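Peer 1: Quick one: the structure is below, and I'll ask about it shortly.
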Ligand SMILES: O=C(CO)[C@H](O)[C@H](O)COP(=O)(O)O
């Protein structure tokens, strides 16, 4: 399967979010990654429902909604109603992860689970068959523009082995500090979806940058 590119609108220009989403519509981006932060699970606050609705009005690509929030189970249906196609919750925020994953799937959305950099891949061994996406955080969540953490490569390999051993069809998504230098190595290690925020939106030509990431050979 060709890899997917999911630009993160956390790094978009807020004065022209609608124009940036229009640009993504006409680009080779596959998904639009929306980071939701609550100021509790992570030390930053980003989008809530009104912004998600505004993005969804313009977006013609699936919205990949990443919930960096405590108690995500309280809001799953609202995020789905706001246009989320993929809903990703954090392993570290979900004591009843199986129930929360079932709740996401019951809405018709694809279910993702994100792991912080320090969380072992093996913690997903009993739920990997139920997941559509595993998002490996390659920075500590909360902010765009951080430095990529290199031990992500070995987590990708471990996750790939777990997915194969359990015959799961889930995708491996990498989020944080992705750029043209590390993207080929991430894909070679087994990544399927690359989230990129500042690398795309701070570039001279974001659509071309997305195309360049898309055209990397595995
Ligand atoms: O939200 C994030 C961390 O919580 C991500 O880093 C963001 O989705 C991507 O931004 P960047 O490519 O600038 O790291």
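Every residue gets a Cβ built from N, Cα and C, even glycine.
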Peer 1: Can you pick which of 132, 175, 181 TrEMBL lists for the same divalent metal cation site as 33, 35, 66?
Peer 2: 175
Peer 1: Give me the largest Cα to Cα distance among 8, 66, 142, 143, 144, 145, 175, 176, 177, 197, 198, the residues the record lists as binding substrate, in Å as a whole number.
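Peer 2: So the maximum pairwise Cα distance among the substrate binders is 17 Å.
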Peer 1: Identify all same-chain residues not among 33, 35, 66, 175 whose C-beta atom falls within 8 angstroms of the centroid of the divalent metal cation site's C-beta atoms; report them in sequence order.
Peer 2: 6, 8, 10, 34, 64, 65, 68, 88, 135, 195, 197
Peer 1: Expressed to the nearest Å, what is the distance separating residue 142 (substrate binding site) and residue 35 (active site, proton acceptor) at their Cα atoms?
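Peer 2: It is 9 Å, counting Cα to Cα.
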Peer 1: Going by DSSP, give the three-state secondary structure for residue 144 (substrate binding site).
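Peer 2: The residue in question, residue 144 (substrate binding site), is coil (DSSP, three-state).
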